[in-house]
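J.: Take this structure first; my questions come after.
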Amino acid sequence: MGPQRRLSPAGAALLWGFLLQLTAAQEAILHASGNGTTKDYCMLYNPYWTALPSTLENATSISLMNLTSTPLCNLSDIPPVGIKSKAVVVPWGSCHFLEKARIAQKGGAEAMLVVNNSVLFPPSGNRSEFPDVKILIAFISYKDFRDMNQTLGDNITVKMYSPSWPNFDYTMVVIFVIAVFTVALGGYWSGLVELENLKAVTTEDREMRKKKEEYLTFSPLTVVIFVVICCVMMVLLYFFYKWLVYVMIAIFCIASAMSLYNCLAALIHKIPYGQCTIACRGKNMEVRLIFLSGLCIAVAVVWAVFRNEDRWAWILQDILGIAFCLNLIKTLKLPNFKSCVILLGLLLLYDVFFVFITPFITKNGESIMVELAAGPFGNNEKLPVVIRVPKLIYFSVMSVCLMPVSILGFGDIIVPGLLIAYCRRFDVQTGSSYIYYVSSTVAYAIGMILTFVVLVLMKKGQPALLYLVPCTLITASVVAWRRKEMKKFWKGNSYQMMDHLDCATNEENPVISGEQIVQQ
């Protein structure tokens, strides 16, 4: 039997680090008037359910009625004065908000605002179960509603509208740079590690490195098992989200802190200053690395505590996420192109299945990935599996809303990044300069551009692997075919092509086999 493989915290986090699409929620403005003054508030609504005008001038003025003291789950909850032509404010809970909307509509209400006690989350649910619901449904925070009552009094009228967004947002450029930079640097770093392995002076060093890396190498069988576990984890998250989301947050904190340490420690080791050490249990530890570990833990803890602070917590999440992706691309190894094809192919099917097929299976007709992205059961916690960048272009009036963001799943970086890392290692093994590495990196960039183009045209979140996998696999295959190295590239072997490096090493450290003497 082969060595038993253990799954590290980083590997466990990778199981759920694949694309989660945006839901159909959209920010809108609630323009409230009362006591001779006006104020704007943020609300979330589903544009596929109800359309809103794009300007304040075209919005209709509606009188607001506070029904937060009643659950509005039965017709008897409607007050005697009625709610006809009103925008009613109801509390979250007791029954489904779509049931509340149906009752409000029967009472003649024109709109329903659901007050949530925590941060806003997108309205989601199976609209097909309530096809008769036509009124506007929107969500506002309890904090905003309380401020509205204190500032504007009891006699409030509201206008609701949703300013149109430009088709292109420069946030796409930022995400593009982050993604390409991460896969390129991770692949290059993996190549440097491979070069160090091949230049190991002694056979013992090589064997020690080889055994160490066996735990981090994905064989074809391991790849299949990995994808199966991914599917199981996705289903478990779907049914037990409200508990498992905190497990995933904890895993991300541990894995990202370790990854950030590994990335920064690699840089610090290149600095020839401040190398003082202290002895602890017979081992010498550099003081600067001790401080570094404390810093990395502190960054992860601060993010965990303030993860819902949308104004700035995204910066920490992106830093931790980039480090997490870099470390996995450098550490995890696909031994050959065959494993790359199996992994990327299966994860492409995984992505398509959970985005496009699961709506035909789930009871509410929603994609499992979309449900997890929104937070099932109205859960305000989100899985930290994405790079988040606030939109750089948005109207000043939208500043009252939670900062709108564009996202890219970790899986859209890590999965193609593992292929690019293999290409770089193959370059090192064969001495083929950077041809495979550069070609696959350029192909990844083209795939990202294609993803953004489709995103703009379709105006809907896209499973990026649908475009990244074909671009990278086809490009790598064409390069290997043109260089007549397909067989070698397909089978791969981290230790099969070391003759030229052995010769170079032996010239510096000549060792004569047999009965001859090692030169001193």
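Every residue gets a Cβ built from N, Cα and C, even glycine.
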J.: With Swiss-Prot open, pick whichever of N35, N66 is annotated N-linked glycosylation site.
T.: N66
J.: Could you confirm whether, in Swiss-Prot, the topological domain containing F489 has the same name as the one containing L244, so that both are on the same side of the membrane?
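T.: Each on a different face of the membrane, per the record.
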J.: Quiz question: given the glycosylation sites N66, N74, N116, N149, N155, which has the greatest number of C-beta atoms lying within 10 angstroms of its own C-beta?
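T.: Highest number of other Cβ atoms within 10 Å: N116.
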J.: Please compare the active-site residues D351, D412 by how many other CB atoms fall within 10 Å of each one's CB, and tell me which has the fewest.
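T.: So among D351, D412, the active-site residues given, the one with the fewest Cβ atoms within 10 Å is D351.
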J.: Counting only residues 6+ away from its ends, which parts of the chain sit with a Cβ under 8 Å from the transmembrane segment (173-193)?
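T.: For the transmembrane segment (173-193), the nonlocal Cβ contacts are 266, 318, 322, 325-326, 328-330, 333, 387, 389, 392, 406-408, 412-413, 416-417, 420-425, 427-428, 437, 440-441, 444-445, 448-449, 452.
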J.: Just to be sure I understand: of N74, N116, N149, D351, D412, which recorded positions have a C-alpha no more than 10 angstroms from the C-alpha of N155 (N-linked glycosylation site)?
T.: N149
J.: In the same chain, who gets a Cβ under 8 Å from the transmembrane segment (461-481) while lying at least 6 residues past its ends?
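T.: Answer is 18-19, 21-22, 337, 340-341, 344-345, 347-348, 351-352, 355, 408-409, 411-412, 415-416, 419-420, 423, 435-436, 439-440, 442-444, 446-448, 450-451, 454-455, 488-490.
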